[in-house]
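Copied over from TrEMBL:
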- B:47-170: domain 'AAA+ ATPase' (DOMAIN)
- B:Gly55, B:Pro56, B:Pro57, B:Gly58, B:Val59, B:Gly60, B:Lys61, B:Thr62: ATP binding site (BINDING)
Amino acid sequence: MSTNATIMLWTEKYRPQTLDEIVNQKEVIERVKQFVKTRNVPHMLFAGPPGTGKTTTALALAHELYGKYWRRNVLELNASDERGITTIRERVKDYARTMPIGDIPFKIIILDEADNMTADAQQALRRTMELYTRTCRFILIANYSSKIIEPIQSRCAIFRFQPLKDEDIAERIKYIAEKEGVELTEDGLEAILYVAEGDLRRAINTLQAAAALGVVNEKSVYRVVGRASPVEIREMMELALKGNFIKARGKLRELMITYGLSGVDIVRQMHREVFALKIPEDAKVKLADKIGEINFRMVEGADEEIQLSALLAYFSLFGSQMK
Amino acid sequence: MSRPTLSYIQLWVNKYKPKRFDEIIGNRNAILEFRTWLEKRLKGANVKKAALLWGPPGVGKTLTVEVAAREYRLELIQMNASDVRTKDQVMRILGMASLYASLTGRRGKIILVDEVDGMSGTEDRGGLAAVIQLIDQSRFPVALTANDPWDPKFRALRDKCKLIRYDRVRTSSIVSFLKKICLAEGIMADERALKFIAERVKGDVRSAINDLQALAQGRRRLTLEDVKWLSMRDRQFNAFEVLRRIFAAKTCRTAKIALAQSTLDYEMIFQWIHENLPNQYKSPIELAEAYEALSRADVFLGRTKRTQAWTLLSYVIDLMTAGVSMAKKGPYRFTKYQFPEKLRILSQSKEIRNIRNEICSLIAQKCHISRRGASSEYLPFLKIIFENNIEMAAGIAKWLKMNEQMISYLTGDNEKTKQIVNLMKKK
């Protein structure tokens, strides 16, 4: 294992610094390289599932464009963390005021999770983008391009990132394991691919956490994943269906507090798990319908704990009627 | 033979309900006035056909009528005014009773219309008119109760009734009544504790008994210390009372009033209701219905806040009080309420949440991800690493510039935290 000084999170340690190192996404990378060659960059929208290299591509692009000055010419913002569009606008304004360093006449602003912005905020963002086009180029990053308003889409070059293929992830995982001196078994690798679902970040995090336990094999991977993606969600649903509402609600709170899971995370996992429950098929459909309704209420801005409790109460009622 | 165990705890207000006039505490004159009127009315003397007993809650208005029925051997026909919406309903429920002699062979009947001020303006106009018609036509005495009958819309009704005013009951009377209950329950109670309870309720005997039950049930002794914490946690105590009133309400109106009359923040009460729903409602259907109401209230609350259209708040209130209360399929069940877990956790684990948020901020800076993403994509893995591999943990902690508190949050273990901190110092 590597020495103390170089231990860090492997997702960062092995984040590609150049465009050439980026796994898969050949079409995207080819086009981006052209921008580097011409030293001109349009506004861009990177869309695709998590862990497919969107942020990495943006950072590598900046790296290649600015060389050693890259940090001073790139502003990274995350729409989920900034307090509303006003803060984003202020930060962009402040940043755009100063001239870029080096010979490229513009700076880059990376706005991550842009699809978490409301349509109104996106409209305001569009005006900001226009205002500073001369000195700044935007790279917007989103999971879904459809959640970005048309006027912004039409001002951006759109790049779609594909989910990574298992063989690409496998190659990268094997490379990291070798570099870190981790013993990785064949079934361990397969388990990682299975749980990663095309998300390289998750694959690497799983590898590192499993390596912390020793040999990376099927057993250690599932131990990690079992802890990291709570199987307790199914337990919670089963408790509710059995009519043990108070325990189910306790579980819910535990998930939210100790795992820091958001209500939306939980409701989505419930949706996934409901079809694996041992209940009649038509019951699954009815429960899924209710889960959808509760999900909608949360998206509308309702309180997550209240909504999920109501959902569990419905499960309890449903369970009592199934008997 | 041993007594069967009750599946639920009996309310002391019912268990110790007076059966004779001389057992009722306070309002001697009002009771005497009522008895005089009733005796004359039963003899057919020329008095008002109805009596309106009015005054603050919990002082014995309804109780007077109930005891009267027992003492004068009358059949009690009881209804809640809020149940009466239309003329038809009034006539159906009371018409039969008032026109025909009793089938049970008793001497007569007395008709009690409770909470007559619960009938509201226009929609109940028919109901109010029906009550007046009932008074006019009834062969039997009619008693009505109200907290506040002075709204102009009750003028016609007031004219038909003998008004009898009930006052708040004196603290000393309440104390001696509470003493009797404690004696019967085998509780050694410090008189100062009982006085403390009695003073708080401002003449409302029912509340005093309920409070005593909440505090003393299951205890052998009740000391001043036992009740004193109430003054420290006054707000919490008030919440007990508001909660009880909401859950016990028989009508939408009383449920809503319970909240309106409280000085507590509705969002706080919201948490109290959320916490205690599964304690109050044991049957799945009640629980699911109540939670659906609460969930809808919450949806309206979200809309209210988002649109800043505060008029929408009234729907929140409707659903969280009346909606939750009307989910019950039977009578109110005495329930021990709990302090909301969420409020407790919020105050207790604020520090812990802060630490977690700080860790997420550090990850977010280093790993090009949002704090939320850090929480879901990194934190679970970090926990595993910190719990199982101090070498790797020390390296990551150093790289992220974590402090000891953060490490301790991730390891959940003092010994490991120490080891990691030491490893970090070595390098």
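Glycine residues also receive a Cβ, built from the backbone N, Cα and C atoms like all the rest.
Keep in mind the model is a prediction, meaning the values are calculated, not measured.
Around B:Lys61 (ATP binding site), taking its Cβ as the centre, 28 other Cβ atoms fall within 10 Å, counting all chains. Its Cβ placed at the centre, B:Pro56 (ATP binding site) has 15 other Cβ atoms within 10 Å. Cβ proximity to the ATP site centre (mean Cβ of B:Gly55, B:Pro56, B:Pro57, B:Gly58, B:Val59, B:Gly60, B:Lys61, B:Thr62, cutoff 8 Å) flags the following additional same-chain residues: B:Leu63, B:Thr145, B:Asn147, B:Tyr166, B:Asp204, B:Val205, B:Arg206. If you average pLDDT over the domain 'AAA+ ATPase' (B:47-170) in this model, you get 80.
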